Ligand SMILES: CC(=O)N[C@H]1[C@@H](OP(=O)(O)OP(=O)(O)OC[C@H]2O[C@@H](n3ccc(=O)[nH]c3=O)[C@H](O)[C@@H]2O)O[C@H](CO)[C@@H](O)[C@@H]1O[C@H](C)C(=O)N[C@@H](C)C(=O)N[C@H](CCC(=O)O)C(=O)O
Ligand SMILES: Nc1ncnc2c1ncn2[C@@H]1O[C@H](COP(=O)(O)OP(=O)(O)OP(=O)(O)O)[C@@H](O)[C@H]1O
Ligand SMILES: N[C@H](CCC[C@H](N)C(=O)O)C(=O)O
Ligand SMILES: [Mg+2]
């Protein structure tokens with residue numbers, strides 16, 4: 001594609017140099033530049049892409065997108081906002097792939113990954129080719145790629161993946177949309193058919209600063225939906241909102257899409273009642289605009305009823321039969337790293353779960369508390385270089401629901417692990433339970449081993465925070481680490 005043609009995706013640009021320069025690819029990271037690529041100079045939070053333009057030029061970049069003219073012998077497309085240009089140019093370069101796909105975006109503090117998996121299964125069972133994007137995997141056709149980078153990719157990467165999906169025959173894409181992704185404009189240029197809101201509770205205040213700003217970022221998914229009414233069901237857009245979460249009132253006002261509400265407590269369109277929970281699954285009665293049914297899912301916890309309801313509502317909006325939706329949901333055993341049982345035949349229960357927010361931890365632990373016949377032993381920590389204010393809150397939650405606690409490292413990233421534990425500890429002390437005891441053990445492997453040594457018959461160990469992750473990030477180095485494997489080895493070690 002010629003530089004001039006690419007520039008036509010934006011109204012206000014200024015081209016310095018040859019407008020007929022051929023562009024063979026787009027890249028925003030100088031380390032990945034190939035001959036003929038257009039290099040986008042993005043001013044970021046830690047680096048400024050403009051500083052890497054000489055490196056991109058040296059590696060064979062054919063042109064630059066900049067916010068100011070650089071004194072370099074290379075054609076430049078000067079734009080007002082390089083990040084916006086990244087979204088617009090990438091969508092243009094890849095031929096607006098989201099228009100060829102039915103895109104369903106899921107946002108919320110907790111439950112996004114779980115909900116994407118549930119909905120993807122329902123849609124795939126209907127015979128459609130599905131794509132999935134989230135922080136476990138990216139699924140393109142039958143290929144699964146581990147997602148080692150961010151949750152919601154940069155606009156450029158997103159458009160590239162969506163093009164691959166469209167070209168390989170994908171019909172529906174179910175995608176996790178993070179608040180960072182919305183706030184940083186990574187999903188600008190994506191046309192969503194439906195948006196699902198799971199819930200809003202505290203997280204990411206390091207980035208958003210206030211809960212209002214965090215909510216506003218999530219709201220962007222819904223404010224962009226529904227501005228074209230249509231009698232054609234295929235063109236309609238839906239905002240699927242949790243009736244039991246306050247933030248839904250605001251999102252309802254923001255959207256022009258048809259709103260479908262789901263929930264348990266409040267009156268809504270897709271509602272669960274008569275919920276029965278056990279360690280083996282959850283049953284509920286569903287009442288919906290498309291009929292009623294009793295569901296027997298293998299998913300553990302009331303929070304998973306909410307995730308199921310969001311997926312059911314989205315599937316009903318697509319016109320799928322309730323009976324088929326029920327059958328699909330009932331066939332799912334668990335979602336990778338979410339309330340996943342580690343079973344080596346031991347007489348205590350070990351669960352690995354991805355709870356890494358105060359609400360997630362509360363939901364996971366209150367669920368465990370409900371069915372635990374013995375003690376609840378918790379292993380958890382908090383990630384480094386992330387919201388510090390959630391640490392004592394998570395400490396308090398963990399202490400409230402646990403009989404015994406091992407407070408340990410999650411991904412310390414560039415922080416000192418002991419400093420993170422010190423941030424958690426005041427929360428532990430806020431709970432005056434005579435029985436609860438805690439140990440600070442920064443070494444996660446040792447903490448898991450100790451918890452397993454400590455367990456007696458019928459006790460339940462919840463290892464929280466890392467779920468499906470197969471690494472531990474210490475000072476920017478990703479070391480192999482999988483809670484499930486560490487727990488398995490410890491259980492086997494103990495029984496030998
Ligand atoms: C806060 C945040 O999201 N930052 C992301 C963002 O950083 P940034 O825009 O500030 O970029 P920067 O690192 O300052 O670099 C500026 C530019 O220089 C370029 N550069 C930089 C170095 C170099 O050698 N050459 C070069 O060209 C970079 O490619 C970039 O284009 O863009 C970078 C490039 O894509 C990301 O790596 C980075 O993610 C950081 C690592 C991150 O941790 N993000 C997390 C917080 C995040 O996004 N999380 C959410 C999950 C939330 C949830 O699900 O709960 C997510 O969606 O993943
Ligand atoms: N609907 C929910 N409400 C509250 N907590 C939940 C809900 N669903 C899942 N959780 C808890 O949050 C954890 C993370 O769930 P999940 O991975 O589905 O969320 P996510 O929104 O994708 O998280 P992330 O922001 O890290 O991508 C689960 O392991 C569970 O403990
Ligand atoms: N999407 C979340 C994942 C947190 C996972 C947890 N293991 C951690 O490292 O804090 C985040 O980026 O905040
Ligand atoms: Mg996720």
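Yeah, the Cβs are placed from backbone N, Cα and C, and that goes for glycine too.
A TrEMBL annotation is a machine prediction, not a hand-curated record.
Residues or ranges marked as domain 'Mur ligase N-terminal catalytic' by TrEMBL: 22-72.
The domain 'Mur ligase central' feature in TrEMBL is assigned to 106-315.
Non-local neighbourhood of residue 114 (ATP binding site): 299, 304, 307, 335, 338, each in the same chain, at least six residues away, with C-beta under 8 Å from its C-beta. What TrEMBL records for 108, 109, 110, 111, 112, 113, 114 is ATP binding site.
For 218, the entry in TrEMBL reads N6-carboxylysine. Residue environment of residue 218 (N6-carboxylysine) contains 25 other Cβ atoms, counted within 10 Å of its Cβ in all protein chains.
Per TrEMBL, domain 'Mur ligase C-terminal' is recorded for 337-467.
For residue 469 (meso-2,6-diaminopimelate binding site), the same-chain residues 6+ apart in sequence whose C-beta sits under 8 angstroms from its C-beta are 337, 411, 481, 482, 483. Feature annotation from TrEMBL assigns meso-2,6-diaminopimelate binding site to 386, 410, 411, 412, 413, 465, 469.
Sequence-distant contacts of the motif 'Meso-diaminopimelate recognition motif' (410-413) (same chain, six or more residues past either end, CB-CB distance under 8 Å): 356, 380-386, 420, 444, 465-466, 469, 472-476. Sequence annotations record features per position, and here TrEMBL assigns motif 'Meso-diaminopimelate recognition motif' to 410-413.
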Can you give me the same-chain residues 6 or more apart in sequence from residue 410 (meso-2,6-diaminopimelate binding site) with a CB-CB distance under 8 Å?
356, 380, 381, 382, 383, 384, 420, 444, 465, 466
Which of these binding-site residues (112, 411, 412) have a C-beta closer than 6 Å to some atom of ligand 3?
411
I'd like the number of other C-beta atoms within 10 A of the C-beta of residue 113 (ATP binding site), please.
24
Considering Cα atoms only, can you say which of 108, 109, 112, 218 is the nearest neighbour of residue 413 (meso-2,6-diaminopimelate binding site) among these recorded positions?
109
Taking only the Cα atoms, work out how far residue 111 (ATP binding site) lies from residue 218 (N6-carboxylysine), in Å, as a whole number.
14
Excluding near sequence neighbours, so keeping only residues 6 or more apart in the same chain, what lies with its CB under 8 A of residue 109 (ATP binding site)?
198, 199, 200, 201, 202, 203, 357, 359, 360
